[in-house]
Amino acid sequence: MENNTENKSSPVTDVDVKAKKELPKLTPLSLAKDACYVVKSLIVNPDFSGRIMFPLLIAESIGLEAIILNVPYTEIDFSTYMQQISLIEKGELHYEKISGDTGPIVYPGGYVWIYSWLKTFTGGMEHIRVGQEIFRFLYLLTTLITFICYLMTNTKVKPYIIYLLLLSKRLHSIYVLRLFNDCFTTFFSTCAILSLIVATRLKTRNPNAASKMSFVMCLLSSDFLALAISVKMNALLYIPGFLVISYYLCNENLLKVLFVCLFGLFIFIGMNATFLLNSDPDVRKQFISGAFNFSRQFLYKWTVNWKFLSEEVFSSRQFQNILLACHVGLLLAFLFYKWLDPKTVTGGKSKSKMLKDGILKPFQDTISRNNIIFSGRSTAFVFDVMAISNLIGVLCSRSLHYQFLSWYFFSLPYLLFRTGLPDIIILALFIIHELSWDTYPSTPLSSGALVTVLVLVVLGNLFHNQYKRKVSNEKKQQ
């Protein structure tokens, strides 16, 4: 009996001994290797990107609070905002008569609505700290939404790209030290992008059953974009990309796209009803000419991006026309070379077939089931199109002021990543970009460097094939 017991127990003992022998020894060298692995993973391993976002958000919240407590508030435009709102609250609706210390009102009704609430919370200029806390929360919420967008693209974004989102000294200042209205436009625009990403995710999972919900999310995106434009018209830069994505989400049905656009238009009219629907024609006229003055002349001394040009060239009509031509040209290049590509986007459907369906079948669903919008790369496609549409407009802007960084910074690290450039080049371009914005006043060198970086990002995204795997092997439809 004793021998049998020993025989039964001995195999277990042998396995245990063998397992113990196979365990690696805990040595300084093994610890160093483990530490190197963790550090490397926290920098370049995409699997760690989602795990670091929440801790980074907490750290950013603490950092913003430290900035508010230790760096003096800088008055630039907030007092003017409050003066303008005070005049409106007293009943003045003629835009030509609404002004403040730094100039007349030049923003739509959404700005009036938001800053009326801010005036209530801050008591005008009495409780600036309250306003700073509101903008701190706005920054964190915009960052969180951006984090979610990055993850939902499924592009294996590396952790260091996430870190770059939090490293802009200028952006922190724009939010919690200066309280610019651009921040609200950025928030609503980011919400619009997230809504489109969610719409495509729904469409990918179940193209038939989720069609209605996808359409609802498209309407929601139109709503957010209308809110963004009602705060500041720079959000119009997203419109080309929005139309492309909406067309695909609506199954290439022009009637549905028209409904989406009209929905956004109604939201915009509602936000501006006090001025647009006013019985006084002068109020309506002054509002349109004041809030949407595309011919406004910018001051050369404040430009961040064109200081390497002479003031004469900067102010010339010819230069404005060149920028407009570049803007249209780049959008068309992306449209025909990237966004309508039969091999990687439209599912084998040729551009001529797309045009023919749009003209002859405007009220029918004509989309190919092999379109990228039904694939696992649809969410990345949405972010790419929206972000590039906006960045092209930024690159071709007649002038960028310091607060305009908020227009595109949240998408910049992602767009740098999507160029396909080596990590070291991406980091170098980001640093150059940051130094350009931190140079005050701007110089020919800083402006030239900024424009160079933006050009490289745009062209990098144009010529790098982010969608290498073909959507379809079917023959192109003629």
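One is the number of the first residue shown, and numbering goes on along the chain from there.
Note: Cβ is positioned from N, Cα and C throughout, glycine not excepted.
Remember, it's a predicted structure, so these values are computed and weren't measured experimentally.
Residues or ranges marked as transmembrane segment by TrEMBL: 134-153 (among others). Within its own chain, the transmembrane segment (134-153) has Cβ neighbours under 8 Å at 49-50, 53, 57, 60-61, 64-65, 68, 118, 121, 161-162, 165-166, 171-172, 175-176, 179, 183-184, 186-187, 190-191, 193-194, 197-198, 201, 379-380, 383, 410-411, 414, counting only residues six or more beyond its boundaries.
Per TrEMBL, transmembrane segment is recorded for 184-203 (among others). Sequence-distant contacts of the transmembrane segment (184-203) (same chain, at least 6 residues past either end, Cβ-Cβ under 8 Å): 110-111, 114, 138, 141-142, 145-146, 148-149, 152-153, 210-211, 213-215, 217-218, 220-222, 224-225, 227-229, 231-232, 234-235, 238, 242, 245-246, 249, 373-374, 378-379, 381-383, 386-387, 390, 406-407, 410.
Taken from TrEMBL, the feature transmembrane segment covers 224-249 (among others).
Per TrEMBL, transmembrane segment is recorded for 255-277 (among others). Long-range Cβ contacts of the transmembrane segment (255-277) within its own chain (Cβ-Cβ under 8 Å, at least 6 residues beyond either end) map to 93, 95, 108-110, 112-113, 215, 218-219, 222-223, 225-227, 229-230, 243, 246-247, 283-284, 287-288, 291, 362-363.
Sequence annotations record features per position, and here TrEMBL assigns transmembrane segment to 322-340 (among others).
According to TrEMBL, the transmembrane segment annotation covers 372-395 (among others).
Sequence annotations record features per position, and here TrEMBL assigns transmembrane segment to 407-432 (among others).
For the transmembrane segment (444-463), the list of distant contacts is 303-308, 330, 333-334, 337-338, 384, 388, 391-392, 394-395, 400, 412, 415-416, 418-421, 429, 432-433, 435-437: same-chain residues at least six beyond its ends, Cβ to Cβ under 8 Å. The feature transmembrane segment is assigned by TrEMBL to 444-463 (among others).
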Which range out of 224-249, 322-340, 372-395 gives the transmembrane segment (407-432) the most CB pairs under 8 Å?
372-395
So what's near the transmembrane segment (372-395) in sequence-distant terms, Cβ-Cβ under 8 Å and 6+ beyond its ends?
149, 152-155, 189, 192-193, 196-197, 200-201, 203-204, 207, 234, 236-242, 244-245, 248-249, 326-327, 330-331, 334, 339, 344-347, 404, 407-408, 411-412, 414-415, 418, 451, 454-455, 457-458, 461, 466-467, 469, 471
